[in-house]
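Remarks on the structure that follows.
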Amino acid sequence: MPLLDSFKVDHTKMNAPAVRIAKTMRTPKGDNITVFDLRFCIPNKEILSPKGIHTLEHLFAGFMRDHLNGDSIEIIDISPMGCRTGFYMSLIGTPNEQEVSEAWLASMQDVLGVQDQASIPELNIYQCGSYTEHSLEDAHEIAKNVIARGIGVNKNEDLSLDNSLLK
């Protein structure tokens, strides 16, 4: 089984909240695709609650599109990490970390503006596979934490995992 790029970085050196360009690629038609690691929590020290990350998934995807999509950028997908320390965002285009950071902060402000559970998009039995597993309160706490701490940048060259540690 090939070793995925996300496991070639040293998680003990990651800062959070922080943006990292996890991968870039070019399609055969010439489109640039960028995958971002949006790290909300310090790996192995902090974790997002299951209900909080789920609610954030419903809110964050739309808010990030509102703030980042444009003529040269289109978000393909934003998905929570299985380790519950952040999200991966795949998009067409090549925004820099600062642009992504600004959109992320604005999105966290938008999350705080959601006043009740009924305002969470797609929160129903038909559009959500676990529609009872949500917490707007937890999502608000996550957003407040990101805003209070600010968003940094994790660079791949600073996180390169020594080959002796690869398994």
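Note that Cβ sites are derived from N, Cα and C of the backbone, with glycine treated the same way.
The DSSP secondary structure for CYS128 (Fe cation binding site) is coil. Marked as Fe cation binding site by Swiss-Prot on the basis of sequence analysis: HIS54, HIS58, CYS128.
Remark: CYS128 (Fe cation binding site) has HIS58, GLU122 as non-local neighbours, by Cβ distance under 8 Å and separation of at least 6 in sequence. In this structure, the binding-site residues HIS54, HIS58 were compared by how many other Cβ atoms lie within 10 Å of their Cβ, and the smallest count belongs to HIS58. Summary of the Fe cation site environment: with the site residues HIS54, HIS58, CYS128 set aside, the chain residues having Cβ atoms within 8 Å of the Cβ mean position are THR55, GLU57, ILE120, GLU122, LEU123, SER130, TYR131, GLU133, HIS134. HIS54 (Fe cation binding site) carries a helical DSSP state (H, G or I).
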